[in-house]
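Per Swiss-Prot, the features are as follows:
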- 1-21: signal peptide (SIGNAL)
- 22-390: domain 'GH18' (DOMAIN)
- E70, W71, G97, G98, W99, N100, Y141, M210, T211, Y212, D213, W360: chitin binding site (BINDING)
- E140: active site, proton donor (ACT_SITE)
- N395: N-linked glycosylation site (CARBOHYD)
- 397-421: region 'Disordered' (REGION)
- N409: N-linked glycosylation site (CARBOHYD)
- N415: N-linked glycosylation site (CARBOHYD)
- 423-472: domain 'Chitin-binding type-2' (DOMAIN)
Amino acid sequence: MAKLIFLTGLAFLLNAQLGSAYQLVCYFSNWAQYRPGLGSFKPDNIDPCLCTHLIYAFAGMSNSEITTIEWNDVALYSSFNDLKKKNSQLKILLAIGGWNFGTAPFTAMVATPENRKTFISSVIKFLHQYGFDGLDFDWEYPGFRGSPSQDKHLFTVLVQETREAFEQEAKQTNKPRLLVTAAVAAGISNIQAGYEIPQLSQYLDFIHVMTYDFHGSWEGYTGENSPLYKYPTDTGSNTYLNVEYAMNYWKKNGAPAEKLIIGFPAYGHNFILRDASNNGIGAPTSGAGPAGPYTREAGFWAYYEICAFLKDGATEAWDDSQNVPYAYKGTEWVGYDNVNSFRIKAQWLKENNFGGAMVWAIDLDDFTGTFCNQGKFPLINTLKDALGLKSATCNASTQSSEPNSSPGNESGSGNKSSSSEGRGYCAGKADGLYPVADNRNAFWNCVNGITYKQNCLTGLVFDTSCHCCNWA
């Protein structure tokens, strides 16, 4: 599959139309490792056979050179790269930027030819040093958030010079060319301010359109995170806030459909309703909903946290006009995607000949299979099946996708039993890890009063001094 990314023109288009060239791009966030308990996620949790491309988010920048951000990025890079040993067709990319990164470092870097050359040279060295197959630009956004208007053109220049440098380096070394992709805006004003679409499309291998965050608690009323279509009562600029409009805007303004990758969110936005009895789309809200126990961000729940909300008695509803679900309980309300909406969107993707799907993020899907009772990675597996990627030959038999465990890692690991084992142990106990009296390799994981029995990896025991798995 991955070799198809090097094809251009008619051959690529024909393959895409035959359904054999769809890409399934999955982002991994390097801060997911810090989530507590069952939410902690590292590259070892990734099923290497799940996605065609994995993107490590994020790298940083200093003095116009690419840099690491987290203290253990280099170690995580190695684990990320090891996934290719299980799937020889897998491509791994490194994303630079992100929302929290801001725009100032990009603006300073693109401002002069010398700075751009410094950056690109550092990128080539960095990607090869750590085994990446390409770079993903995540500048949010050119021409916006303090980025001057000239950055719209300079972003095109940067991408062009990056692509040309990658091509030249490939010729000189006789190695495969490094890929260059970008995560781009779905909001019309940001698109118009930031991207020269026809020119940019010439140089990018793929364009990852962030078709999510269309609505959230910042608006003062309920709305879906990633609706496929507009809501019947939408007027004015709200009619643009949907997947259909955003993707067609990119396509109609010069981006080839086969290069356009539709964004799929493995999360939702939650709200506090002003009136519990007024709980539909567009209902007045008083702010962001409570933070989830794992992602710990107000107004934001991972898919697995939403499943816990549903299990806790929330009412799930389906919005036929936008082909997405929402759920509510009391004054809490969340708009999100599930396996049904992913399947419908994937069908729409194929009918419109787009290049594939991008998921933010792999660590937000129910990767343990604990919360949703739909197996592991239910959302991404839905896309994999819908895009016809199930038959890809890949051996992940020895790959762990359970919660992390290593000496000093508080999240624990190993095979998790159902919550019925040790039922009642966590009643009245604070969230945390506790020893199992008759088994040094096992421990109880208490999460919101629910009891989970887990095991450390072979050779490790539960250490009460650090409440972690440690060497015996």
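Backbone N, Cα and C atoms are what each Cβ position is placed from, and that goes for glycine too.
When the Cα atoms are compared, T211 (chitin binding site) and E140 (active site, proton donor) turn out to be 14 Å apart. Summarising model confidence by region, the domain 'GH18' (22-390) averages a pLDDT of 98. Within 10 Å of the C-beta of T211 (chitin binding site) there are 29 other C-beta atoms, taking all protein chains into account. Neighbour counts were taken at the CB atom with a 10 A radius for the binding-site residues W99, Y141; the maximum falls on Y141. Taking a C-beta cut-off of under 8 Å and a sequence gap of six or more, the residue listed as 'active site, proton donor' has these contacts in its own chain: G97, G98, W99, F101, T103, A183, A185.
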